[in-house]
Structures are given as C-alpha cells and as structure tokens.
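**Student:** If you scroll down you'll find the structure; I have some questions about it.
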C-alpha cells in the first residue's frame with residue numbers, strides 16, 4: 001500500500017506542476033499514470049513540438065518543458081507509478097480513499113487529483129476510404145520526430161493550433177508543406193494564422209482553402225491525395241498526409257467512479273477549487289470542464305495551484321495556512337535542499 005497526501009492521477013504538465021505547489025505546502029504527492037514515462041501528451045505525442053504560450057518562454061519544446069518540470073519537482077521527492085491505470089476507488093470511513101490500479105497496486109490518500117493520466121487518446125480521423133491501410137505508410141496523426149519529414153512533401157489538414165503550428169515548424173524541415181482546411185477561417189491563435197500567411201507569401205507554405213482531402217492514392221505508401229476544392233476535384237502529390245483534427249480522450253474506468261461527466265470531461269466547481277461532486281476528489285487540466293474552460297497548459301497550472309490550497313485544508317482540518325511568497329520565504333525541499341530567498345538590503349540615507 002502506497003500512502004501519500006495527494007494521489008495525482010496524471011503525469012502531464014498539470015499533474016507535475018501540482019507536485020511543486022503541494023510541496024510548497026509541505027504536502028507529499030504520488031503520481032500514477034498509464035503511460036510509461038512522465039509528460040503526458042507532451043512526451044507521448046509531440047515531444048519536439050514548440051509551445052509558444054508558456055509565461056517566460058517565447059518558445060519551448062514540449063519535451064524540454066517536461067524536463068524542466070521534472071527538475072523543478074525533484075526537490076519534493078514525488079513517488080511515481082508509471083505504466084499502470086487507475087481502476088477503482090473506495091472511500092473509507094474516515095473520508096480517505098483507496099485507489100487500485102489495473103495491476104493491483106493500491107494507493108491510500110485523503111485527496112485525489114485527477115489530471116489525466118488515462119493513457120488513451122484517440123485521434124479524430126477523417127472519413128476517407130482505406131485510410132487505415134495507409135496508417136504508418138504515410139498517414140500520421142502525431143508528430144513525434146520532425147526529422148522524419150526532412151526534405152519530404154507533407155500535406156497537413158486541419159484548422160486549429162496543431163495544424164497551424166506544425167505547418168510553421170515543418171516549413172523549415174520539409175521540402176514542401178501544404179496546409180488544407182475546409183474553411184477559409186482558422187480557429188487557431190491569430191499570431192499563428194498571420195505567420196502561416198507570411199510563409200505562404202514567402203513561398204514556404206502552400207495554402208488550400210476551402211478544400212477537403214477525399215482520397216488517398218499509392219500502392220504501398222502514400223503517393224498522392226485527391227482533394228475537393230470549390231466543387232472541383234484535383235490530385236496533389238505528397239509523401240506524407242497528416243490530418244490534425246484533434247484528440248478524443250477516454251476517461252476509462254474513472255468514468256465509473258460516480259463523478260459528474262459532461263461531454264467526456266469531469267465537471268468541477270471552478271468558482272472555488274476544481275473539486276468534483278465527490279468531496280476530496282479534484283479534476284485539473286484538460287480532463288475537467290466548467291463554464292469558460294480553456295484547455296491551455298497555463299490554465300492547468302492555475303487550477304493545480306488552487307487545488308493544492310484546498311487539499312491543504314482537507315489534509316490539515318482546522319489549520320490555517322498563511323500564504324508565503326517564494327521570493328520571501330525561499331523553498332525547502334523534502335530532500336534537504338533549500339533555495340534561499342535573496343536578502344533585502346537596506347541602506348541608510350545619509
């Protein structure tokens with residue numbers, strides 16, 4: 001039996017940052033994740049993808065962000081159980097929980113924070129005949145190693161941030177990048193849309209809108225695509241076709257825990273602390289939903305911070321926590337290390 005203050009289900013960026021915030025409150029964390037390594041989608045699906053909206057980082061690769069978070073939480077000595085999925089939860093008479101994994105490992109904690117960790121992401125696939133045949137033969141739903149597309153002809157389909165960001169990134173890798181979207185308007189960040197337009201004007205990206213890919217051709221590998229543009233059909237040659245229409249997460253066994261579910265996400269009380277309808281169980285990051293929800297990493301960091309404050313009250317009933325700033329109090333690691341806050345220097349006015 002693994003005992004901890006907070007059992008975090010999910011080793012993605014939100015779950016990892018929750019360890020840091022909990023550590024500042026002297027709360028011990030253990031992380032459970034179905035994937036074999038920490039990082040969640042960042043490590044599993046796109047470790048080499050640049051991220052542009054992390055405060056203080058004009059650009060950071062997803063994998064590097066994970067490395068930074070792991071370094072940041074090392075001082076708080078979190079436990080990790082990777083490659084196992086949360087299966088069942090049992091509430092105890094004292095209000096604590098026992099969670100059992102699919103491999104029989106048991107965890108005992110007064111607080112559970114669900115931050116993903118389900119290990120199951122289904123890409124939304126376009127309705128194209130025989131597309132399954134070409135999977136791993138030129139059709140890719142994720143980009144883990146951009147170098148695979150070095151000097152290749154790549155067609156990306158989609159209108160969101162992933163399609164825009166990868167088109168921008170691969171413009172300097174592939175020999176030819178074509179972005180296809182069924183509408184003239186994109187739903188990604190305005191800055192990314194403007195960058196794609198700049199690259200189009202510079203001849204580094206071909207933009208085809210409104211259009212859809214309706215067929216794939218090739219004997220053993222993708223050789224060309226059939227597209228429909230303004231009612232007319234034509235063929236474009238390519239080496240890789242990457243449809244980026246988003247991911248559908250699967251809640252798995254957690255969906256049977258009695259939590260309120262809305263559109264495959266866990267409903268939480270965002271006005272307070274991101275707690276679910278079961279006291280002591282929180283949901284943070286992309287796995288939750290509430291009015292005004294934004295699926296952004298930085299929003300997950302905020303949710304993790306408030307969750308830890310509420311968890312402190314559950315774990316230490318009746319004990320008031322006084323907020324301290326790390327710039328004043330420093331950081332005391334569970335491993336005996338201490339990061340000192342800079343001492344204020346006061347000079348007398350002569």
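Glycine too: its Cβ is placed from the backbone N, Cα and C atoms.
Quick paste from Swiss-Prot:
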| type | residues | note |
| --- | --- | --- |
| BINDING | 14, 33, 41, 46, 86, 121, 286, 327 | FAD binding site |
**Student:** Tell me which of the binding-site residues 14, 41, 327 sits in the most Cβ-dense spot, judged by other Cβ atoms within 10 Å.
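**Tutor:** The residue with the densest Cβ neighbourhood is 14.
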**Student:** If you draw a 10 Å sphere around the Cβ of residue 86 (FAD binding site), how many other Cβ atoms fall inside it, taking every protein chain shown into account?
**Tutor:** 27
**Student:** Considering the binding-site residues 33, 286, which residue's Cβ sits among the greatest number of other Cβ atoms within 10 Å?
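**Tutor:** Ranked by Cβ atoms within 10 Å, first place goes to 33.
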**Student:** Should residue 46 (FAD binding site) be counted as helix, strand, or coil on the basis of DSSP?
**Tutor:** coil
**Student:** Including all protein chains shown, what's the count of other C-beta atoms within 10 A of the C-beta of residue 46 (FAD binding site)?
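**Tutor:** Residue 46 (FAD binding site) is surrounded by 21 other Cβ atoms within 10 Å.
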**Student:** Please report the DSSP secondary structure of residue 33 (FAD binding site), reduced to three states.
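**Tutor:** Strand, per DSSP.
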